[in-house]
Amino acid sequence: MAVAGAMVMSGGVLLLLLAFTCAAYNDAGELPPISRRSFPKGFIFGTSSSSYQFEGAAAKGGRGPSIWDTFTHQYPDKITDKSNGDGACNSYHLYKEDVRIMKEMGMDAYRFSISWSRILPNGSLSGGVNREGINYYNNLINELLSKEVQPFATLFHFDTPQALEDKYKGFLSPNIINDYKDYAEICFKEFGDRVKHWITFNEPWNFCSMGYASGTMAPGRCSSWEKGKCRVGDSGREPYTACHHQLLAHAETVRLYKEKYQFTEEAIRQSPFIRDNNLNRRSAKALQKGRIGIILNSEWFVPFSQSKSSNDAARRVLDFMLGWFMDPLIRGDYPLSMRELVGNRLPEFSKEQSEMVKGAFDFIGLNYYASSYADNDPPSYGHNNSYNTDSHAKITGSRNGIPIGPQAASFWFYIYPEGLRELLLHIKENYGNPTIYITENGVDEINNKTMRLKEALKDDIRIEYYHKHLLALLSAMRDGANVKGYFAWSLLDNFEWSEGYTVRFGINFVDYDNGMKRYPKNSARWFKKFLRK
């Protein structure tokens with residue numbers, strides 16, 4: 001699941017997009033062929049997952065509850081089908097089968113997330129480390145490596161330990177920074193000899209906007225007038241506070257990893273830890289030398305009209321979604337538009353914090369799914385403060401009754417492959433062309449329980465979606481975007497947060513009523529052919 005980004009499109013860019021769209025088809029109206037060989041040597045292809053959506057075994061193996069366990073059980077009406085991730089798709093027990101599927105498809109890598117409360121059941125070191133959790137992830141990592149699949153490990157994918165939510169309100173408290181860093185260090189120590197790509201946080205935009213502004217995702221906090229009609233929360237302040245603490249936790253953890261575990265040549269030259277502890281070059285080079293980054297999600301937003309107000313609105317939406325995180329990571333502070341419009345509700349970085357956050361990544365993960373239109377929407381006099389209105393922009397999937405692209409199963413999902421290209425080029429031109437991995441990209445279909453299995457496996461819309469987005473990605477790379485890998489969402493059908501099991505994102509079908517049996521969809525067969533070396 002992913003969300004938005006925005007920038008102005010001039011007439012020249014529109015012509016370029018039209019040319020790209022037309023060039024995507026040959027004279028017969030077919031998409032041009034594409035395969036692994038179309039991409040540079042060493043380009044990584046994989047699939048992604050997350051612990052709560054995939055693992056199941058929610059109360060097994062010593063795992064403590066997360067905020068998603070609490071949210072789905074206390075507020076089942078906030079989930080479309082009133083379901084939860086207690087069983088998910090049972091990857092906790094079926095991980096070997098899942099790795100076999102990846103290997104047979106020809107995938108190079110697998111991005112999974114580690115459940116914080118499976119490692120530290122009460123969220124902090126004081127409650128002890130759960131060795132069963134350590135053993136599970138060791139087994140998963142070893143199984144991946146035995147099948148020549150690279151592990152990409154995400155440390156946080158929306159699932160704050162409930163114990164920390166109870167103790168000090170989770171990411172609303174700066175206390176979580178040290179607890180998160182302690183948890184991350186356990187993972188570096190236990191798995192870092194084999195995991196060479198680490199992600200600190202997945203989609204902080206989703207976590208903070210949906211969890212603290214709209215209240216439609218855990219922990220389900222918002223102002224009473226917002227969509228989630230929450231019992232507690234402040235949609236005008238809490239989203240900014242939570243994400244401020246995530247950025248600080250990210251930066252602290254990146255510094256920890258670089259100084260104690262990574263030891264690249266640059267770190268060896270610059271690190272006071274190495275110098276102060278008299279670590280010589282030989283011992284430093286023998287350590288992990290992995291890479292660490294963060295995953296951001298963004299839509300592409302097209303101005304609703306050619307007016308200046310529409311163009312400015314599109315820029316603001318981008319600032320409030322992608323720039324919220326990229327600006328601090330590149331420039332050390334939030335975008336000017338956010339500082340002006342949010343005012344004192346937006347936390348400030350100290351000089352030391354600004355320097356720490358700036359440049360705190362080896363790569364950026366980008367999750368892209370869909371695009372929308374953006375138009376100017378100034379607030380009315382005396383309006384209530386909320387992140388959802390602070391950008392003074394209105395977002396819509398249609399213009400004059402015509403959608404920006406075909407609508408997928410989810411209400412927010414308008415398919416627009418060109419948006420991936422434009423988003424990548426925007427990052428290239430505005431943020432110094434960092435190393436990027438596309439860490440999620442995919443499309444959902446309705447979970448039609450009356451459909452026969454044979455028909456459910458015919459997901460031609462998904463094949464077309466991947467084909468067009470890979471063409472868009474290749475076009476951006478040819479124009480200089482620094483992309484090193486692509487991960488499809490997702491390997492399997494799974495629990496899709498507030499939509500429960502009502503939609504299916506998998507390239508492999510999961511039969512939830514028959515032992516979680518996996519079946520390859522047509523898109524899985526397409527990927528296998530695409531990935532053939």
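From the backbone N, Cα and C atoms, a Cβ is placed for every residue, glycine too.
The signal peptide annotation in Swiss-Prot covers 1-23.
The beta-D-glucoside binding site annotation in Swiss-Prot covers GLN53, HIS157, ASN202, GLU203, TYR369, GLU440, TRP489, GLU496, TRP497, PHE505. In the three-state DSSP scheme, GLU203 (active site, proton donor) falls into the coil class.
Every protein chain shown contributes to the tally, and the Cβ of ASN122 (N-linked glycosylation site) ends up with 19 other Cβ atoms within 10 Å. Here Swiss-Prot flags ASN122 (among others) as N-linked glycosylation site.
The active site, proton donor annotation in Swiss-Prot covers GLU203.
Swiss-Prot lists CYS222-CYS230 with the feature disulfide bond, giving similarity to another entry as the kind of evidence. Around CYS230 (disulfide bond), the C-beta neighbours below 8 angstroms that are at least 6 residues distant in the chain are GLY215, GLY220, ARG221, CYS222, SER223, SER224.
The N-linked glycosylation site feature in Swiss-Prot is assigned to ASN384 (among others). Sequence-distant neighbours of ASN384 (N-linked glycosylation site): residues of the same chain at least 6 apart with a C-beta under 8 Å from its C-beta are SER223, TRP225, SER235, GLY236.
According to Swiss-Prot, the active site, nucleophile annotation covers GLU440, on the basis of similarity to another entry. Its own atom aside, the Cβ of GLU440 (active site, nucleophile) has 27 Cβ atoms within 10 angstroms in the protein chains shown.
Among the features that Swiss-Prot reports, N-linked glycosylation site is placed at ASN448 (among others), with the record citing sequence analysis. Other Cβ atoms within 10 Å of the Cβ of ASN448 (N-linked glycosylation site) number 12 in total over all chains. Annotation note: ASN448 (N-linked glycosylation site) sits in a coil segment as assigned by DSSP.
When the neighbouring Cβ atoms lying within 10 Å are counted for each of the binding-site residues (TYR369, TRP489, TRP497), the highest count belongs to TYR369. Other Cβ atoms within 10 Å of the Cβ of CYS222 (disulfide bond), summed over all protein chains shown, number 30. A coil conformation is recorded for ASN122 (N-linked glycosylation site) in the three-state DSSP classification, outside any helix or strand. Sequence-distant neighbours of ASN202 (beta-D-glucoside binding site) (same chain, six or more apart, CB under 8 Å from its CB) are SER50, SER113, THR154, PHE156, HIS157, PHE158, ILE295, GLY365, ASN367, THR439, listed in sequence order. Taken residue by residue with DSSP, GLU440 (active site, nucleophile) is part of a strand. In this structure, CYS230 (disulfide bond) belongs to neither helix nor strand by DSSP; it is coil.
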